[in-house]
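To start, the structure under review is shown below, and the notes come after it.
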Amino acid sequence: MSLLMRDEIYRRFKQILPEVKRNVLLQKHTTFKVGGPARYFLVAHKQETIVKALQLAKKIGMPFFILGGGSNILASDKGFSGLVIKIYHQEKSFPVKKIGQDFLVEVKAGVAMKDLVSFLAGRSLSGLEWAGGLPGTFGGAIRGNAGAFGGETKDSIFEVLALDSNLKLRKFSNKQCQFSYRNSIFKEKNWIVLSATLKVKKGDKKTIWQIAKNNINYRKTRHPLDLPNAGSIFKNCDLKYFSEPLRKQLAGVVKKDPFEVVPTAYLISEAGLKGTTIGKAQVSDKHPNFIVNLGAAQAEHILQIIDLNKKEIKKRYGVDLEQEVQFLKD
């Protein structure tokens with residue numbers, strides 16, 4: 001694309017969306033602190049802004065990428081030559097409606113999970129306390145059916161409002177979301193979550209806060225939060241994919257997540273990959289299913305470590321590691 005054409009596209013964007021910017025470094029908007037420039041970048045606070053931006057991108061045939069809190073993302077060193085839309089909502093308080101014994105809570109996609117967990121705990125509403133310390137936004141948690149400590153996002157979802165590939169506004173019931181392990185219809189089809197309604201129950205405020213705080217403290221002690229990272233690189237491994245002899249050998253480390261899995265961190269550690277360093281990227285000593293940025297790490301080196309981990313685990317255990325982290329590139 002010529003410079004003249006880029007300028008013309010930028011002019012068209014600015015006419016409709018004055019907030020759009022050019023050549024914004026993605027490393028400033030991802031928790032990995034890695035990534036080159038997005039040619040066009042927009043922080044969207046309103047649903048209509050998101051829709052306008054997508055309509056224009058689709059009209060001119062421009063690729064786009066939806067960004068939330070920036071976790072679970074590895075952005076290319078070369079950046080992205082399309083439009084990145086960062087959905088960001090600052091709300092810390094949300095509408096609540098009582099229906100029988102349940103409470104429905106309406107939440108926008110760009111809300112930080114930490115703010116949502118705090119709000120629910122403060123209102124004595126139980127259902128998301130397992131997510132204490134979970135990074136990223138509510139929309140990202142829905143898209144990837146985020147889970148931890150035996151809980152999953154799907155357990156509390158009543159309804160989701162999203163845009164399909166034709167930019168048609170659609171409502172999805174919990175069942176229609178097709179949630180599965182770290183997956184959903186939105187992730188499978190690359191549809192865009194705009195907001196959702198949670199269904200939660202009244203609980204004991206002290207107990208809810210305690211569970212959330214315990215999970216936050218667990219993450220602080222077990223995860224390398226002192227260094228930039230994207231969260232867990234790989235999903236845990238379903239026990240059924242291991243050979244019978246290996247299942248017996250690994251019986252002592254199996255956990256429910258929500259079905260029987262072998263922690264990927266254990267496999268990586270046992271394969272001797274803990275601490276592996278390429279450039280300024282390193283397999284965390286603290287939690288081997290994390291890759292940390294030691295300072296000015298490059299996406300290229302992180303990808304090399306990911307590939308090395310996949311090959312070594314396949315060779316040693318005969319299973320394929322499945323990435324949780326999404327690669328943002330052209």
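Yeah, the Cβs are placed from backbone N, Cα and C, and that goes for glycine too.
Since we're looking at a predicted model, the values are computed, not measured.
Here TrEMBL flags Arg182, Glu324 as active site. The feature active site, proton donor is assigned by TrEMBL to Ser232. Marked as domain 'FAD-binding PCMH-type' by TrEMBL: 33-203.
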DSSP three-state assignment for Glu324 (active site): coil
Cα-Cα distance linking Glu324 (active site) and Arg182 (active site), given in Å to the nearest integer: 8
Cβ neighbours within the same chain of Glu324 (active site) - under 8 Å, at least six residues apart: Asn72, Gly144, Arg182, Gly231, Ser232, Ile233, Phe234, Lys235
Stretch-averaged pLDDT - the domain 'FAD-binding PCMH-type' (33-203): 97
Among Arg182, Ser232, the one of these active-site residues whose Cβ has the fewest neighbouring Cβ atoms within 10 Å: Arg182
Reduced DSSP assignment, Arg182 (active site): coil
